[in-house]
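First comes the structure, then the notes that go with it.
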Amino acid sequence: MRKNRLYRVLGLALLGFALGVALTQGQQELDPYKEAERQRELFRQTAGILPGELYAAQGEELFHAKRGPKQVSLEACDFGLGPGKLEGALTQLPRYFADTKRVEDLETRIVSCMVRLQGFKPEEVKRDEVKALVAYVASKSSEMPINVVPRTSQEIAMYNLGRELWYHRAGDRDMNCAICHEAYAGRKVRLSPVRSPRQGLSNEWPAYRFEADKLYTLQDRIAFCYESVGIHPPDYYSEPYIALSMYMLAEATRGKNRFTEMPGFTR
Amino acid sequence: MRRSYLISALLLVGLASGQPGATYITPELQRLIQAGGQNYANVLLKQAPDQALCSIHRNRLPPEVLGPFIEEQRRLIKYPEGGRLMGDWKRGEAIYNTLARGNCFSCHAGSPLNIGGNVGPSLEKYGQRGTSEAVQRYTYEVIYNPWAYFPCTVMYRFGHGGLLKPEEIADVVAYLLDPSSDFNTKPALRR
């Protein structure tokens, strides 16, 4: 029943998107923030719901459903604040988890819970489900201050590796993250403003990107960065993502940044 | 600090002798990168000594490293056969304005076809500099290997990285310098 309703709303949203595209033809807004705001309003007016909220609703169903070989929900999943505590969970991730003995971000933690609690094999975990769950858990940290402070030796080591990776130049285009997101923060690449971690880079993910018409998690967004400079991105849930997220979000914390509305809505 | 100078010295030796082994990658960083998978690690672990120098110095080379670094970068520049540094501006136009090729407009203003970014300096009416041999050579060399003039800059080393052939770079030089090129006769697109 709930699923049916979800599809109806999804259909409406798609209609809204098509309408939005039709309305924007020929009058392209050059400020990406204003354009995102306009697109968001169009969704609100035509569908009454944002795509990010649909993903979160789908994630909510998945979170509470009894699934996997063990037929249990994810309600016992501990994101660092205690089992099932979701309020503000995203704000303090990535962090070290004693049960898996490693530093995990939100996406990796969800996979760990699906494997450890529900009994899925790692290769059975569907990316789309993880993304919906990310949207749901993130929605409980909407507009909250980012609070990633590396404390344990494992977290500090991950932060330091993330910083090394951030400055690591490689590939036939000599790229690293810093050369744009530090040296040229405040400038524009084409139409897109470039931000540094201290300025809050990474504070809008997971987000619905209206240009791609897809939900992007922070890992998706980092992968997109690598792809756009011709480097094959790391495998999902692997440590390079966790290290880079740790570095960016700890710096965003130092810059006293908040998350945007979660899931975000962006270009 | 001391450690970084020692690594710099080792890297410079590596750079001068052309040895590929010079690196600052620690075993921990290597393990982390490998965890990202084979395709990713292949690129990130195959770091050249000059890339390593830019990495450890956070893109700002200290004075004692700068001289030998620039000399080495100058040595890497190759020229088109026949030595013509200005090619066909029409072909250059396509390269300059295509995301998957030169992608110049993403960072530089000046193109009549695309709104430019402002990460790099504006190139609007670049042709005002004239077409002397010195201007042609400078323009060609900066595109072939920007690190010979601006060490560690974000601009791709188009020639050295194999992203554009010497003849294609000459076409872009023509797009920028040829007085009859649209780049110089038509107004730049503005935001």
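Here, residue 1 is simply the first one shown, and the rest follow in order.
From the backbone N, Cα and C atoms, a Cβ is placed for every residue, glycine too.
Taken straight from TrEMBL:
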- A:Cys225: active site, cysteine persulfide intermediate (ACT_SITE)
- A:Cys77, A:Cys113: heme c 1 binding site (BINDING)
- A:Cys177, A:Cys180, A:His181, A:Cys225: heme c 2 binding site (BINDING)
- A:Arg221: substrate binding site (BINDING)
- A:58-146: domain 'Cytochrome c' (DOMAIN)
- A:1-24: signal peptide (SIGNAL)
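Shown here: features listed in TrEMBL, placed on the structure.
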residue  : record                                        : CB count, 10 Å
A:Cys77  : heme c 1 binding site                         : 22
A:Cys113 : heme c 1 binding site                         : 23
A:Cys177 : heme c 2 binding site                         : 24
A:Cys180 : heme c 2 binding site                         : 20
A:His181 : heme c 2 binding site                         : 20
A:Arg221 : substrate binding site                        : 19
A:Cys225 : active site, cysteine persulfide intermediate : 15
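On the 0 to 100 pLDDT scale, the model's mean across the domain 'Cytochrome c' (A:58-146) is 98.
The DSSP secondary structure for the residue listed as 'substrate binding site' is helix. Listed in sequence order, the residues A:Met175, A:Asn176, A:Ala178, A:Ile179, A:Glu182, A:Val194, A:Leu201 complete the 8 Å Cβ shell around the heme c 2 site centroid, once A:Cys177, A:Cys180, A:His181, A:Cys225 themselves are left out. In this structure the C-alpha atoms belonging to A:His181 (heme c 2 binding site) and A:Cys225 (active site, cysteine persulfide intermediate) are separated by 11 Å.
Ranked by CA distance from A:Arg221 (substrate binding site), the binding-site residues A:Cys77, A:Cys113, A:Cys177, A:Cys180 have A:Cys177 at the top as the closest. Listed recorded positions A:Cys77, A:His181, A:Cys225 compared with chain B at a CB cut-off under 8 A give none as close ones. Within 10 Å of A:Cys225 (active site, cysteine persulfide intermediate), counting CA to CA, the binding-site residues A:Cys77, A:Cys113, A:Cys180 contribute nothing. Helix, strand and coil counts from DSSP across the domain 'Cytochrome c' (A:58-146) read 38 helix, 11 strand, 40 coil.
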